Amino acid sequence: SEEDMYRDAEEIEREKILLCETSSSEHKLSVAPEMDIMEYCRKEWRGNTPVAKKMRKGYEAVAQKFASIRRVRGDNYCALRATLFQVLSQATQLPSWLQGEDFTMLSENLLSKYDWIKQWQLKQKLGRKMGDISDEIKEYLILLRKKWKSISEMKGPVEKQEACDKLFKNEEEEYSLYEALKFLMLNTAIKLYNDDKSGRRVPVFSWLLFARDTSSNPCQLMHNHLNHIGHSGGLEQVEMFLLAYTLQYTIQVYRLYKYSTDEFITLYPNDPEEDWPVVTLITEDDRHYNIPFRMCQETML
């Protein structure tokens, strides 16, 4: 039946992810080499189910702009991985928010104000003592600034891509960067929450972020959401807005299962600042994100 054919495709996908995650460390590719986007589509969506037909149409639309696709490793860091890879591979300068002297003191400053941040959960550090995370997060923030600066100073796109490929094969550094990103997302959430309470104007997604029963304040957001990213869950839709706002990048996503609707191309945030750079991702289900590669023509918002 059509339903069985679609379920088989999902099982194949899960099997691929499992094989990828259980293979030895040196064979783990966080971002796979590029392949022709329509070739990838034909390989993944062979059936004649309504879902397969919609996916093929979606990929055909993406192929009008991009020639290739790079598959991103499918763990719970997937959205952070795809976004950060795109950001770094296109970086031409160090953003102003990364340049401030107080940037590296962020963990110390926040911990001095909010004692509950001591319960921040770092990857593979579950046995750590409470309250000894400040120095470690500081190291992650310094690493993020260092890598961003060095890649942005490289002249050509090929050199940048090679540097990113190398960085995203180094698991220790790669996961350290995700921890830095998550902490910066918490910092942004705290700012937005405080601005709203003070009567300042905040973006609409901030209301939605704190309207959830599980994240009515930054402490709950940390405990119930940010602490789980990379461990037992990925980014939810509203957290994609938070990530974009934190990086001060517009994240443009081709959401293939939304093909032929107004949500096929979704922007995070949906009212971006004009001077924010744009990175583009592809998703089939709002859970796993891949990277479109090699523009066929200038992508315009």
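Cβ from N, Cα, C; glycine included.
Note: TrEMBL annotation is automatic and uncurated.
Annotated features, as they stand in TrEMBL:
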ACT_SITE  D75  active site
ACT_SITE  C78  active site, nucleophile
SITE      E263  site 'Linear diubiquitin binding'
ACT_SITE  H288  active site
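The Cα of E263 (site 'Linear diubiquitin binding') lies closest to that of H288, out of the active-site residues D75, C78, H288. H288 (active site) and the residue listed as 'active site, nucleophile' have their C-alpha atoms 6 Å apart, to the nearest angstrom. Counting only residues at least six positions away in the same chain, the Cβ atoms of V72, G234, R287, H288, Y289 sit under 8 Å from the Cβ of the residue listed as 'active site, nucleophile'.
Take the CB of H288 (active site) and look out to 10 A: across all protein chains shown you find 19 other CB atoms. Just so you know, of the recorded positions D75, E263, the Cβ with the fewest other Cβ atoms around it within 10 Å is the one at E263.
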